[in-house]
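Undergrad: Have a look at this one before I ask anything.
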Amino acid sequence: MKNIRNFSIIAHIDHGKSTLADRFIQFCGGLELREMSAQVLDSMDIEKERGITIKAQTAALQYKARDGQVYNLNLIDTPGHVDFSYEVSRSLSACEGALLVVDASQGVEAQTVANCYTAIDLGVEVVPVLNKIDLPAADPERISQEIEDIIGIEAVEAVRASAKSGIGIEDILEEVVNKIPPPKGDPDGPLKALIVDSWFDNYVGVVMLVRVIDGSLKPKDKIKFMATGAEHLCEQVGVFTPKSVQRPSLNAGEVGFVIAGIKELKSAKVGDTITLVSKPATEALPGFKDVQSQVFAGLYPVESHDYEALRDALEKLQLNDASLKYEPEVSQALGFGFRCGFLGLLHLEIVQERLEREFDMDLITTAPTVNYEVVMKDGTVEVVSNPSRMPEAGKYDELREPIITSTILVPQDYVGSVMTLCNQKRGVQRNMQYMGRQVMLTYDLPMNEVVMDFFDKLKSTSRGYASLDYEFKEFQSADLVKLDVLVNGEKVDALSLIVHRASSVYRGRELVAKMRELIPRQMFDIAVQAAIGGHIIARETVKALRKNVLAKCYGGDITRKKKLLEKQKAGKKRMKQVGNVEIPQEAFLAILQVGDK
């Protein structure tokens, strides 16, 4: 066991984590040259394209160190994005050490700080590495000072490397061997193995990525999951080099995969503990929790007969992504669809994109919302995530909205504008620290405001330099109202919003003005109104057309006419009938563009 090293890489998006992993694999001969592809560990196309890592992956590498011994290095790749923070904490708790990779030209970012603190809390040894040292803009002296100022770990001796050109790769591996402690565990005790990740394979069912803490596991063992109590027969175990290689057993301290013929991911939850039925462990490993959805949105097929196909697609996605939740819902405006729960906005975007790309779905997405707690007159508390399900104004005592604690790292020049933005979003400042050239702001913000467009605005006010990390804090009572949109006197449920009373009139006016631009003119006047309860607060009118001007095709080629007709047909397909007015897809997205004052 003393020659095993388990480590992961902590880095902000785009600081070169996956490229570094590729170099390790190449250096240790994990794959032959012809099998190398850029970003070997990012297996989804969308991961490669956006340059982000979503699922954790591993590689078991053999490294012959300068002291002549051969070490088994287990690299566990972690996602770097704030939406996937639970997956990160599980990956880190499977390791004894972590490489903190920082871009030598960009410096430390908020998500790096958050993940690094997670690592330190879990007692993981953090080894700093400065990457992209060959860039003309690299300034290693300043950045190592920044690491010390912000995170507070020694960084003077940080390895300087460039994953792209392969500089300093061996030095990093030496650091891993020398600085990171070997795993501790009892090889003969009862089996305890942590599920770091799990995914679905079409041939063998669920594949679990585990880190064995105590004991050992071999095929034909009967295993038990401690959180769910389910029992299964272990069929095969092995390691990834990144290709999968079967092994006769997995022992204490090792990281590998377990296949046990499990049909669905729900049974193999990330963070759960596996033990043997014959010799069970007394208590599970700490830190397991069920992941809760934070952001909700409605997904509707453009064509109503695609409903079944959308359900199948969501089921398949859920096989690989246990944090995606969905339930059927009906909207008067959009027909049948699903209400889906996500970890955050990035997660929502990724799911939407995968549905469109991998399953070829045409979707209409409603504006994202969050969970609200409604305290009814009789004292019961209901959780509502869909504005159109919100009870009438007189039926409840108070409304509570989720508050998050956000940490924003921003260069000093932009502090003023970022603070103004946070105040506009009803934020409460909790803390402010100067660290070198950066400032760390801590704010309590209503999640409702963050979901809308906070991230984009934060990036634009700080010219892209600010970075954000957040976690849920509590539900807090607030003066919120439900804003309805009426088109021709009929409520359009998919356009309902929950807003703060102070900004409701402004939001209503803006939304109605936007809708007026987007609703095509008909043969009659259309009234577009915004209402709170029975009280109309804003109105715009879409003026009627005088006559139809489709008379420009006199003679001419039939294909030309066909083309125009086809084009019109495609446009019609994307629109949905509401009463007697067609509302285009853009109108449902208009909610997102309605800013605050």
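Heads up, the Cβ atoms here are built off N, Cα and C, so glycines get one too.
Quick caveat, the model's predicted, so the values are computed rather than measured.
Under the heading domain 'tr-type G', Swiss-Prot lists 2-184. Per Swiss-Prot, GTP binding site is recorded for D14, H15, G16, K17, S18, T19, N131, K132, I133, D134, and the stated evidence type is sequence analysis.
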Undergrad: Would you identify the secondary structure of I133 (GTP binding site) according to DSSP, in three states?
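TA: It is coil.
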Undergrad: S18, N131: which of these binding-site residues has the sparsest Cβ neighbourhood within 10 Å?
TA: S18
Undergrad: Run through the Cβ atoms and count how many others sit within 10 Å of the one on I133 (GTP binding site).
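TA: Around I133 (GTP binding site), other Cβ atoms within 10 Å: 21.
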Undergrad: Below 8 Å Cβ to Cβ and six or more residues apart, same chain only. Which residues does that give for G16 (GTP binding site)?
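TA: The list for G16 (GTP binding site) reads V101, D103, N131, K132, A163, K164, given in order along the sequence.
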Undergrad: According to DSSP, folded down to helix, strand and coil, what is S18 (GTP binding site)?
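TA: Going by the DSSP assignment, S18 (GTP binding site) falls within a helical segment, counted as helix.
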